[in-house]
């Protein structure tokens, strides 16, 4: 069984490179176009695989030309794809991405088959989740599926693996989390994102909590109408500046603002809040009372697409593989890994492999 299980989003990236972003109503000429493989769940799984972690991806693609391409790309990154389903009623999710000369990006995501994954899928895979060390989720799958995955993870103390509940396919119903309860229950940590339906997300977390599995939630993409009661099921919360503003209602203009926002987010339930600030670094606040600002290396950014996923995937790997490191050091190393990815074009293809990092970096 794999060390890490990722339950969530798989997205086909359609990337245009241009000098600048077009204004509303304006058409501009692009410099080049590339198709790539993405989705916050798949990206984070790929980064874990490239660092040498044993990782399973659970998700859903459409019965179209994009589905097999994304599955093949995950295989190349060392990800086990046996639990990826194909939908006949929704297409593979797509992301229309524009990247400018300074490496900044804007993205529109149509989540497609990701939103079909039900909470029962987590219960079906409880035997997989239960053996994980970590469950990683994002908010790109249904909320109830996400919650059920976390409930299963919490029910099990975990043994030798990591479960990442990625939350992207909005086709994934909460029942999918129940189907995978045996998987979640053996995890040490569940990682989810907000790219799956809210009910699926909630069910994933409920399952994780039921089995005492640690939960890690990447609130991306953030929304202003998010039900913050879900955060009672979360141990580690990761946001960027915009996502932190959605949760707190406060504008983040400096590091001090980010520290205050992170402390505010802890009141919703998490024990650790991590807020990434782009070139300004990362803020880590814990319920133990520590608040740390971690600078990031200055690099020439070519394409920042997927940098947050590289960071979260790396942090998930380090939380499980190097649990004795302080959270601040785990975050610092994850930031350094993500800084490598922004110096290359593309999403998953830009993520560094373990052999590209300093020899003792992952030790």
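Even glycines carry a Cβ here, placed using N, Cα and C.
For the substrate site that TrEMBL gives as 11, 12, 13, 39, 40, 41, 42, 43, 195, the extra residue drawn from 303, 309 is 309. When 240, 242, 324 are compared with the ATP site residues 276, 277, 278, 279, 280, 281, 308, 309 in TrEMBL, the one appearing in that site is 240.
Among the binding-site residues listed here, namely 240, 277, 279, 305, 309, 305 has its C-alpha nearest to that of residue 13 (substrate binding site). A separation of roughly 26 Å, to the nearest angstrom, links the Cα atoms of residue 11 (substrate binding site) and residue 279 (ATP binding site).
Along the domain 'Carbohydrate kinase PfkB' (141-353), the predicted structure has mean pLDDT 87.
Residues 240, 276, 277, 278, 279, 280, 281, 308, 309, recorded as binding ATP, reach a greatest CA to CA spacing of 18 Å. Taking 42, 346, 350 as the binding-site residues under consideration, the smallest Cα distance to residue 309 (ATP binding site) is found for 42. Between the CA atoms of residue 350 (K(+) binding site) and residue 42 (substrate binding site) there is a gap of 13 Å, rounded to the nearest whole number. For the K(+) site, the Cβ centre of 303, 305, 341, 344, 346, 350 serves as reference, and the other residues of the chain with Cβ at most 8 Å from it are 302, 304, 306, 307, 342, 343, 345, 347, 349, 351.
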